[in-house]
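Worksheet: the structure to be examined is printed underneath.
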Amino acid sequence: MEDSSEIKVETASSRTSWIQSSVAAGGKRISRALGYITGEMKECAEGLKDKSPVFQFLDWVLRGTSQVMFVNNPLSGILIVIGLFVQNPWWAIAGCLGTVMSTLTALILSQDRSAIASGLHGYNGVLVGLLIAVFSDKGDYYWWLLLPVIVMSMSCPILSSALGTIFSKWDLPVFTLPFNIAVTLYLAATGHYNLFFPTTLLQPVSSVPNITWSEIQVPLLLRAIPVGIGQVYGCDNPWTGGIFLIALFISSPLICLHAAIGSTMGMLAALTIATPFDSIYFGLCGFNSTLACIAVGGMFYVITWQTHLLAVACALFAAYVGAALTNVLSVFGLPTCTWPFCISALIFLLLTTNNPAIYKLPLSKVTYPEANRTYYLTQERNRRSSTITKYQAYDVS
C-alpha cells in the first residue's frame, strides 16, 4: 500500500511538472511569435534582404508610412494605409505616392541605406502627399494634383539631408520639419485663388466665438481622442483613428499609450483657452500634442515616471504653441501643420538636467520605447559591474 501511494505521488508530481514545462514552452512560442510582428519586425527586414528589390522597396515604403508616428513596423504601415483608405481613397493614393517618390528620391541621392530601410526618408513624403490632397480646393480625383505631390515629396529627402547635417551637431532628429517646409511653401505659393491648384481658404477668427459650456458633448470629447490621433495624417474619421491606435499598439504599447495621452492633453488644453468646440471635436487640437507626447515619452528619452510627466508637459506645451501659431499663420492663410510639435519637441530634447532619471538616448540607439528602456538598463548594469570591478581591483592593490 505504501509503495502504491508513493507511485501515485510521483505520478502526480511528474504530471504537474510536465504541465508547467508545457505551459512555459507554450509561453515561449507565443512570445517568439509575437516577436515577429511587434517592435521593429527585424526578422522581416532580414528575410527580405535576399528577396526581390520590389519586396524590399515595399517594406521601406510601409515603414515610412508608419514612421510618421515613430513606428518602424511594416505591419503597422499596412494598417495605417488601410485607415487612410477608410478615410478617403484619394487622400490615401496621394499619400502613398508621396511616400514612394520620397523614398525613391533618397535612393537616387544615395542617402544612408539603413535610414531608407527604416522608413526615415518616407514619412515626410506621405504627409506631404496627404496634406496637399487635404487642402486642395479641387475636390477628389483631380489628377493634375499628383504633379505637385511628386515634386514636393521629392524635395523631402533633400531637406532631410540638409537639416540632418545641422541637427546632428546636437544629436537631434529632424522630425517633420521637411514636411512642414515643403507644404508651407506649396500652400504659400498657390493659395485659394490659384488657377491650377487652388487650396482651401483659411481665414483668421474675426469675431468672438459663441461658446455655451452647458452644450458641451462629452461623447464627442471622448471621440476627439482617436480623432486627434488620426489628424496626425489629416484624418477626422474616428474609425481611422482607432485603426491607427491598433497599428501603434502592435509595434509598441507605450507609443499607443502616449499617443492617447497626448491627444487627451491637447483636448484639455484647448478647453482651458475656450477653443471652439468644433475644432476640439475634429481633433485639430490634439495631433501636435500626440506627436510631442510620443517623442518625449520613451522615444528619445528613456521611459521613467519622470520622463512620463515630462511627456505630458510637452504635450500641453505643444497644444498652447499650436493655438498661438494657428492665430498667427491664419493671417497668411496657412495651416499650422506640425510646426508646434517640432518646436515643442526640440525644446524639450534640448533640456539639460542633472537628474539621472531623465536620460536622453543617443540618436543612433533610438528604436522604440520598450527596447530603448532595455538598452538603458543593460548599459546601467554594465556600468555598475565595471565600477564594482574597478573598486575591487583598487582594494586588492
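Each Cβ is built from the backbone N, Cα and C atoms, and glycine gets one as well.
What Swiss-Prot records for ASN210 is N-linked glycosylation site, and it gives sequence analysis as the kind of evidence. The Cβ neighbour count for ASN210 (N-linked glycosylation site), using a 10 Å radius over every protein chain in view, is 7. DSSP gives ASN210 (N-linked glycosylation site) a coil state; it is part of no helix or strand.
If you look up Swiss-Prot, you'll see 68-85 (among others) marked as transmembrane segment, on the strength of sequence analysis.
Residues annotated as transmembrane segment in Swiss-Prot: 92-109 (among others).
Long-range contacts of the transmembrane segment (115-135) within its own chain (CB-CB distance under 8 A, at least 6 residues past either end) are made by residues 40, 45, 56, 59-68, 72, 77, 84, 88, 90-91, 94-103, 105-107, 145, 148-149, 152-153, 156-157, 159-160, 176, 178-179, 182-183, 186-187, 199-200, 233-234, 335, 337-338. The feature transmembrane segment is assigned by Swiss-Prot to 115-135 (among others), with sequence analysis given as support.
Per Swiss-Prot, the feature transmembrane segment maps to 143-163 (among others); the stated evidence is sequence analysis.
Look at Swiss-Prot and you will find 172-192 (among others) tagged as transmembrane segment. Below 8 angstroms of C-beta separation, residues 68, 123-124, 127-128, 131-132, 135, 137, 148, 152-153, 155-157, 159-160, 163-164, 198-201, 291, 295, 300, 332-335, 337-339, 341-342, 345-346, 349-350, 363, 366 of the same chain, each at least six residues beyond the ends of the transmembrane segment (172-192), sit close to that stretch.
As annotated by Swiss-Prot, transmembrane segment applies to 239-257 (among others).
Residues annotated as transmembrane segment in Swiss-Prot, with sequence analysis given as evidence: 264-280 (among others).
Per Swiss-Prot, transmembrane segment is recorded for 287-303 (among others), and the stated evidence type is sequence analysis.
The transmembrane segment feature in Swiss-Prot is assigned to 309-329 (among others).
Proximity of distant same-chain residues to the transmembrane segment (331-351), defined by a Cβ-Cβ separation under 8 Å and at least 6 residues beyond the stretch ends, is recorded for 127, 131, 135, 170, 172, 175-177, 179-180, 183-184, 187-188, 191-192, 201-204, 232, 287-289, 291-292, 295-296, 300-301, 310, 313-314, 317-319, 321-322, 325, 358, 360. Taken from Swiss-Prot, the feature transmembrane segment applies to 331-351 (among others), supported by sequence analysis.
Within the chain carrying the transmembrane segment (143-163), a Cβ under 8 angstroms from the stretch's Cβ atoms is held by residues 94, 97-99, 101-102, 105-106, 109, 111, 120-121, 124-125, 128-129, 132-133, 136, 174, 177-179, 181-183, 185-186, 190, 196-197, all 6 or more beyond its ends. Sequence-remote contacts of a segment are chain residues at least 6 beyond its ends whose Cβ falls under 8 Å from one of its Cβ atoms, and for the transmembrane segment (239-257) they are 37-40, 66, 69-73, 75-77, 79-80, 82-84, 86-87, 225-233, 283, 294, 297-299, 303, 368-370. The recorded stretches the transmembrane segment (264-280) and the transmembrane segment (68-85) do not share 3+ CB pairs below 8 A when only pairs 6 or more apart in sequence are counted, and are therefore not in contact.
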